[in-house]
Amino acid sequence: MQYIVVTGGVISGLGKGTITSSIGHILKDSGFKVSSVKIDPYINYDAGTMNPYQHGEVFVLDDGSEVDLDLGNYERFMDINLSWKNNITTGKVYLEVIEKERHGDYLGKTVQIIPHITDEIKRRIRDVATSSKADFVLIEVGGTVGDIESMPFLEAVRQLKREENNVIFAHVTLVPEIGPTEEQKTKPTQHSVKALREIGIQPDIIFARSKNRLLEETKKRISLFTDVPEGGIISVYDVENVYLLPEVMVNEGFISYLSKLSGKEIKYRDSWKAYTENIKHPKDRVKIAIVGKYVDLHDAYISHKEAFSHVTGNTGIAVDIKWLDSEKVKDDQSMLSDVDAILIPGGFGYRGVEGKIAATRFALENHIPFLGICLGFQVAVIEIARDIIGLQNANSTEFDPATKYPVIDILPEQKGIKDLGGTMRLGSKKVLIKDGTLAKRIYGTDTIYERHRHRYEVNPNYISIIEKAGFVFSGTDEDGIRMEILEKKGDESFIATQYHSEFKSRPLNPSRVHLHLVQQALIYKKNKDIGEAVKLRSSV
C-alpha cells in the first residue's frame, strides 16, 4: 500500500482537489484500488452548516455525511463511494482528543499537539487505508503551506513517512506568467518548496500550475532549486474542462515517473477517451438556466455543473449554463426567455424563493423543460398549489409558519430538533417508482437509491389535491408515505425530485434526470428554431 500526499503552496485555489482526483482516476483506470482522504484544517466538525459562499457546495455521501466538495470530485473521478472517514477536519480531531482526555485515556499526561493530535491524525489516515484495502491512498492537505491551521496535519504526514516509508509527497504550486512576453516565473515555487522543507518535507513531485505548458527551461530551473528531478516537474496548464486534466498529466510523463517512485507498473487504459472527445468536440449545444441564490459562486452548485459535463461526455450535447440570481428573476422573468431549459437547485431559507417560484411558473406557462431538485421540487409544489389549483399564498412552513395552505411541511421526525449540524434527512435512501410514468421511462427500473438532504416534505394532506390537478407523484420512499418525484401527466419535459441526483452523477454514468433535461432542452431548441424559421418564411 502506498500513500500519496498532496499539498499546496503559493496561493489557494490552485486545483489541488482536481489534481488529487486526476491522480486517483489514472491509478483506478490502471487497475489499482484507490481511496482518498481530504484534510480540512477548519475547526468546524464538518461542512454541513457552512454558507456556500464561504466554502462552496456541501456534498452529501451515501452514509449521510456532509463534506467538502472535493470529496465529490474524488467520487466522480475515481468512481468510488466514500464515507465520513474520508474527511478529516480539525474539529473532528480535537473533539476526539478532548473526549479521550475526559475519559482518562491519556492516564494523566499533558495533552499536546505532538504527539496526541498528530497521533490521532495518523490513526484516522491509517484507518482509511486499512478499511479500504486500497493499493493507493491519496491524502489532500487543505490550505496552503505556511498556514498555521495546517501545521499539525503537515507534521502528522511528515511523521507518517518517517514511520512507514511508503509515502510520496506531491506539491502543487503556481508558476505565474508575467508581462507581455508571459515569462514563466519560478520564484514562488522555489519559496513554497523552501517553506515545505523547513517543516521536514521534501516533495517527490511538483505539479506546476500555469496558464500555458511549462517550457523545458522553466522545468530545469525548478528542478535545480527544489531537488526534484525534471521528470517529476509535471506541467499542469489550463484546460477548458477538468475532465481533460488526466490526459494532460499522462502526456506530461506523470505515469512513468510515478511508476519509478512507487515501484509499481502503471498501465493506463484511457477509458475516458470517447468521453473527452465529446467534451472537446460537441455536436450540439443547449442553454440551461440554473436559478439559485448563490450563483455568484459557481462552486455552490458544482455537482450540477459536473452532471451536465457528464451528459456532454456521453451525448456530445454541450451545456451552456446561464447563472441567474433568483431574487432578480422574481422581478424580471424575461431573463429566462432565451434558455432551452430551467433547473431549480436545492437551498434553504426564504431569500430568493419567490424568484424560484416565478421561474417554475414561467417554465410551466411557456412549456420550457424543467427540473427541480430538493427545494426546486418543493417550490414546484408551491407553484402548482398557488397558480393551478388556486390555493392563494400556499407556501412551505419553512418560509411562512402561519400559511393557510402549508403544502410543504416539516418532516415529523424533525419537529423539536434544535441543532442544525447533521440532523436533516441525509444520505442514500430507497425510492420506489410507479409504472407507466415518465420517471419509470427515465430510470428503466422501479427501485433506485438516491442521496437526500432536507428537513421538509410534501404535506400528505395535499397529495391527492395536487394529483387531481394533472400531476403525479411518480416516486415515493419505500413506505409510500414520503413523496420523492413529481411530474406532469402527459408532459415529457417537467420533472422534479426531492433527492439530489447530482451527487451520484459520474462521468460514464450521468444523472438520469440531468440527462433527460438536456435531451428535452435539445428537442425544445430545435422545435423553437423550426418555429422561428416558419415565422420568417411566412413574413417574406
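Note that Cβ sites are derived from N, Cα and C of the backbone, with glycine treated the same way.
These come from Swiss-Prot:
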type     : residues  : note
ACT_SITE : H500      : active site
ACT_SITE : E502      : active site
BINDING  : D70, E140 : Mg(2+) binding site
DOMAIN   : 294-527   : domain 'Glutamine amidotransferase type-1'
REGION   : 1-264     : region 'Amidoligase domain'
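On the structure: features taken from Swiss-Prot.
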residue : record              : Cβ contacts under 8 Å, 6 or more apart
D70     : Mg(2+) binding site : K16, G17, T20, S21, K38, E140, G142
H500    : active site         : V60, S303, G346, I373, C374, E450, R451, H452, R453
E502    : active site         : S303, H304, E306, A307, I373, S511, H514
Cβ-Cβ neighbours of E140 (Mg(2+) binding site) (radius 10 Å): 27
DSSP three-state assignment for H500 (active site): coil
Conformational class of D70 (Mg(2+) binding site) under the three-state DSSP mapping: helix
